[in-house]
Structures are given as C-alpha cells and as structure tokens.
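Asks: Below you'll find the structure I mean.
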Amino acid sequence: MKRSKEYNLNNAEMGMGTFNRGFEGDNNGVSEVQPRSPNGAITGQKVEGIPEERQQWDRPIEFLLSCIAMSVGLGNVWRFPYTAYANGGGAFLIPYLIVLFLIGKPLYFLEMSIGQFSSKGQVKVWKMSPIFKGVGYGSAFGTACVLSYYCSLMAITVYYFIQSINTKLPWAVCNPEWESHNVTCLDDNTAISPENRSIPELYFKIDVLREKDSIEDGLGMPDWRLSLCLFFSWAVILVSLIKGVKSAGKVAYFTALFPYVVLIILLIRGVTLDGAWDGISYFISPQWEKILEAKVWQAAISQCFFSLSVGFGPIIGFSSFNVFSHNVYKDAMIISLTDTFTSLLAGFTIFAILGNLAHTLGVDVKDVVGSGPALAFASYPLAISKFEFLPQLFAVLFFLMLFTLGVGSATSLAGGLITIIHDQFPKCSKKIITTAVCFIGFLLGLVYVTPGGQWMLELVDYFGASFVIYVMATIEVIGIIWIYGLNNVCRDIEFMLEKDVKKVGVYWKFCWGIFIPIVLIAVLIQSLIGIKDGVTYKGQPFPTGLLVFGWALAIFAILLIPICSVHAILTRKKDTFMQKLKQSFEPTDDWGPVDPALRKKWDDISEQTSGPHFFVSWIQSFKRLLRKNNCS
C-alpha cells in the first residue's frame, strides 16, 4: 500500500522532522505529521520527531557484563540452592532447564530485541501499541517495590561485612544481654532459646534486625546502624549511575566478575572440608517423584523468571543504549547460560560448606539449611564461624561478594527507573534524576530497617513485586506477540540483526507465539487462586491495616493498565470511539529505528511485509459478521 504522505528523510536529518511524542503527551515544540500503521496506512495520530542522540555503551562488553550483573544477584546465592533442594534436588534441574530453554531465554531475547530496535525504555517502547503503555508503568512500579527492599538487604550485608573485621565473629558468641529475650547462655558457644534457635539466628534477629514478635503496635523507629549502611548502599548506587551507562558500564567490570572469584575461592575451600561431599550430595540427589508435582514446575518458572529479571523492564532499558545492529542474540544466549551456571556454582559452594557444618555439629544436612535471608545471614555465617583457618577472611569475602551482587542488580533496577523518567522528561538533567531517585529510594528503604521491617519486606514482596510482575509480564507478552504481531516482531529482529539472524526460527516463534503466553496465563491464574490462602510472616497473620496497604499496592499497579489504556484511547486523533480504539492498538509513526537512514529502509520493508494488525483483523471480521446479519 502506498502512503499518501512520504517520510521526509532530508527534513528529518536536518532536525526539521515533523513529529511529536504522540501518546505520551509531550509536545517539545514540534509539529504534526500523518502517522501510519504497520502496513503503511495513515492513522492520523501525533508522533514525535528524531530524538536527541541517545547515550550508548562505550563497549559491547560493558552491556554484556551489566546484564550479567543485573541477572546474577542475591537470589542466585540464597534462593536457588534452597529452591532446588526443597523441590527435588538434582531432579529439579530438569524442569528448571526446560523452563530456561522454553521461557527464560526466549523472553530475555525478546526484551533485548524490542529495546534495541526502538532505542526506547520500558514505557516508550509501547509506542508499538499505545494501549499497553500501562504495562510499562506497572512493571516500573513493581521494580520500584523490589528496589526499595533490595537495598535494605544490601544494608544488612554491609553491616555483616563491618562486623566480620572483629577479632571474634559476633554471631559465633552467645550474648548475655539476650536474657531479656528469654535466651540463656550456657557458655560462649551454647544458647537455650524458646524456639531452639542457633546463635547466628539469635544474633540476626536480636542484634541486627532487633525484630519485634508482633507489629500490632507499629513498626518502630529505623535502626541508626542499618540506616547508615542503607545510606552507604544508595551512595554506591548513585556513584555507579551518576553518568548513566558510561559509569554503570565501568562498574559492571567489577560487579559482574568479582563474585565469581569469591565463589570459586569458597568452593575450593569448601570441598576440602570434612563432610563437604555429604552436603553436595544432599543438594544434587534427585527425588524423581517430585517432577510430577505442579508446584515444582511453578517453582522452576518463578526461579527462572525472577533470576533473569525478565518482566521488570531494565533489560529493555539497557538494550535501548546499544547500537542498532548489536548482536543481542548472542548476548541472550550467554547471559541465560551464565545465570544458570552461577546458580549451580552457588549451590555447590553453599552446600559444601553446610555439609561441613552438619558434620561438625553431628546433625543431618537438612537441619542446618535455611531459606532466603536466613541462609545468608544465619546458616552460612554459622558455617564460616566454624572454620579453623581465618574465618574472618572468608566472612569478609562472602559478605563483600553478597554486596557486590546486590550492587549489580540494584544499579540495573534503578537504572531502568531512571531511563523511564528521563525518556519522559528528556530536558531534565540525568544527574538530577539519578540523585532524586536514589534519595527517594533511601527514604523509602528506612521502613525496612525498623524492628518491623521484615514484615514490610514480606508484604511488599508479595503484593507489590511478585504478583504485579507476573501480571505485567503476561500482558507484555500478549501485547507484543498477539497484538503488535509475531510476524512484525520477527520482521523487526531480522531487519535489525540481518548479519547474525537471517531468519527467526520455528523454536522462537513457538515459544513466543504459543508456549510462553499460555504458560504465563496459567501461572497467573494459579497465583490468583493462591491469594485466597493469604500472606503471613513466619506463620503469623498480618494486621488488617497492613493487609489493606498490601492490597492497595497491588490494585494501584494493576489499575495503571486500564487508566493508561483509557488515556491512550481518548488522546487518539479520530472522530468516533471505535476509530480511537482501533488506533490505540496501532503503532505511532515514530515506532521503529531512530536513525533516519535505517528508518527509511525499514519503512520500505514494513510496507511490503506487514499484514493486517491483529486487532484490526478482529474488528474487520466483527464488522463483516454484523453486515452479514444486517446488524449495521
């Protein structure tokens, strides 16, 4: 189909292109052109002009290392080992690798591709189908929730790192002051407590968190020590991001590589200890009967999903700073495999040392295994405290590694939020935006370093992060693949990576078009069903007020989708509601490569290859049905 008004390449190159920021409501002093749908038809909606030159990575390796640092985080060290152990041991690797192959890797490649193709962040990327822009804001909200508590965990690692320098590790000695908590110290190494907790567990709960057994009377005031550690954590993030990807790329050399050095050192030390192989055997021994349990497969999806950080948005944001033809296909393969390798390496390392702890205490391995933060701040510190040779050195290395992993992931999450804000307000200094995001993040994080902070962490993670990200990721895939169109996605990838990907294969089309949407919808339904069981903290129900707050977080995030959809529909430049609705599903004219020469070439290809829009086809079929039945 020929367009009635040609794209003026010369004007665009001279900065005179007549575009604007379409559905985002930005004017920026530019005028209006006739936009088009994927098949070249004029739609009449406003669009934006050639944007300012976008910052790019100095070297491709910096992008790769930043993505590795983002995907490889605290969860690989304390979440994967326990998840694998609790869901079939070695047998868990089968569903995990299948999920990685059919969901994790394809989603990672998809998000990388659309970010790089459009040179836009997770909100602006929805110029491909404006009615879905609420997904970008919703996932950003979920990312903000995760980031708010993630940095509080980093603060705890900073505190433990400082305490590791002591001549005697404080979590290895019973503190007589714990008597006020019904703890009796028989000697330095033995404590009697109501719940038979170990000394490191008591230290973590009483001395570090100063945790309350109930928050009916409020969360309490922030602990000044953890507050300073939290401030330090955010300061490191600020320094890492202050110059955008220029500084973040340099930091990634350390945050992506140093953890492997420490893990290998700890693994070598671990396997030389008595009982280490018993621990490793406990980790990998398969329980084949568990493969048939649905919860094991759901755990595999959850682990793969949140480990790779798909659905959160930073992958799209990071990729948007690449050169247009960068081989993200190769990067997606490397990162997905590296993430899995890291999880396995961490599992072997953790269980080797826990095996030694079980051997030293004369108990079974299962009796010393904790989950989540308890594994990092209780079980593992206890194991390190039993080392005969320089336990302080290994404690310093371990907590420095944890902090480094945290910095890599946190800078990525914060960077994604900064990209969204800067894309929306390009005239605002990125340094000011970065400083504001970090300062607000610090203030929000203070709630997690109160005596009731772990209650809040559990609540925000449940309502504001996990559930929200599942919803957003599901709708994201539907919007990209079923609405914008699988064929259009494949066409764009083939155009962008013509030197590396001649043709998008059946494997990718099957995963994107059928398998991933169906599985994510099923998982989302299962999550909705699971909500009826409620959320608790260590088996205790939350106060009604906090539950209301949690539901408010989830509802606010979900409502962003219909609110933004209504805005997208009402701001279309059409006369009737149905025309506005149809247009809101179609790409704006500035969707596509930002480089004028590439844009002209892509325009020519898209006019020849684009078929009817998914939603347009549905509307046309519906109208034909109405006419056939004399209803219109």
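Note that Cβ sites are derived from N, Cα and C of the backbone, with glycine treated the same way.
Caution: TrEMBL annotation is automatic and unverified by curators.
Relevant sequence annotations retrieved from TrEMBL are reproduced here:
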type: TRANSMEM; residues: 93-114; note: transmembrane segment
type: TRANSMEM; residues: 135-162; note: transmembrane segment
type: TRANSMEM; residues: 254-277; note: transmembrane segment
type: TRANSMEM; residues: 297-321; note: transmembrane segment
type: TRANSMEM; residues: 333-354; note: transmembrane segment
type: TRANSMEM; residues: 393-420; note: transmembrane segment
type: TRANSMEM; residues: 432-450; note: transmembrane segment
type: TRANSMEM; residues: 462-485; note: transmembrane segment
type: TRANSMEM; residues: 506-529; note: transmembrane segment
type: TRANSMEM; residues: 549-570; note: transmembrane segment
Asks: Of the listed stretches (93-114, 135-162, 462-485, 549-570), which one yields the highest count of Cβ-Cβ distances below 8 Å with the transmembrane segment (297-321)?
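Replies: By the under-8 Å Cβ criterion, the transmembrane segment (297-321) pairs most with 93-114.
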Asks: Between 135-162, 333-354, 549-570, who has the most Cβ pairs under 8 Å to the transmembrane segment (93-114)?
Replies: 333-354
Asks: So which of 135-162, 254-277, 333-354, 432-450, 462-485 is most in touch with the transmembrane segment (393-420), counting Cβ pairs under 8 Å?
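Replies: Out of the listed stretches, 135-162 contacts the transmembrane segment (393-420) most.
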Asks: In the same chain, who gets a Cβ under 8 Å from the transmembrane segment (432-450) while lying at least 6 residues past its ends?
Replies: 147-149, 151-152, 155, 219-223, 226-227, 230-231, 234-235, 237-238, 241-242, 244, 414, 417-418, 421-422, 425, 456-457
Asks: Report yes or no: does the transmembrane segment (462-485) come within contact of the transmembrane segment (254-277), defined as 3 or more CB pairs under 8 Å with a sequence separation of 6 or more?
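Replies: Between the transmembrane segment (462-485) and the transmembrane segment (254-277), contact is absent.
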Asks: Which range wins on Cβ pairs under 8 Å with the transmembrane segment (135-162): 254-277, 506-529, 549-570?
Replies: 549-570
Asks: Taking a Cβ cut-off under 8 Å, which residues six or more beyond the ends of the transmembrane segment (549-570) line up next to it in the same chain?
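Replies: Distant Cβ neighbours of the transmembrane segment (549-570) are 23, 130-135, 137-138, 141-142, 145, 459-460, 462-464, 467-468, 471-472, 475, 535, 542, 577, 580-581, 584.
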Asks: I need to check the long-range neighbours of the transmembrane segment (506-529): which residues 6 or more away from its ends have a CB within less than 8 Å of a CB in the stretch?
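Replies: Sequence-distant neighbours of the transmembrane segment (506-529): 102-103, 106-107, 109-110, 294, 298, 301, 466-467, 470-471, 473-474, 477-478, 481-482, 486, 489-490.
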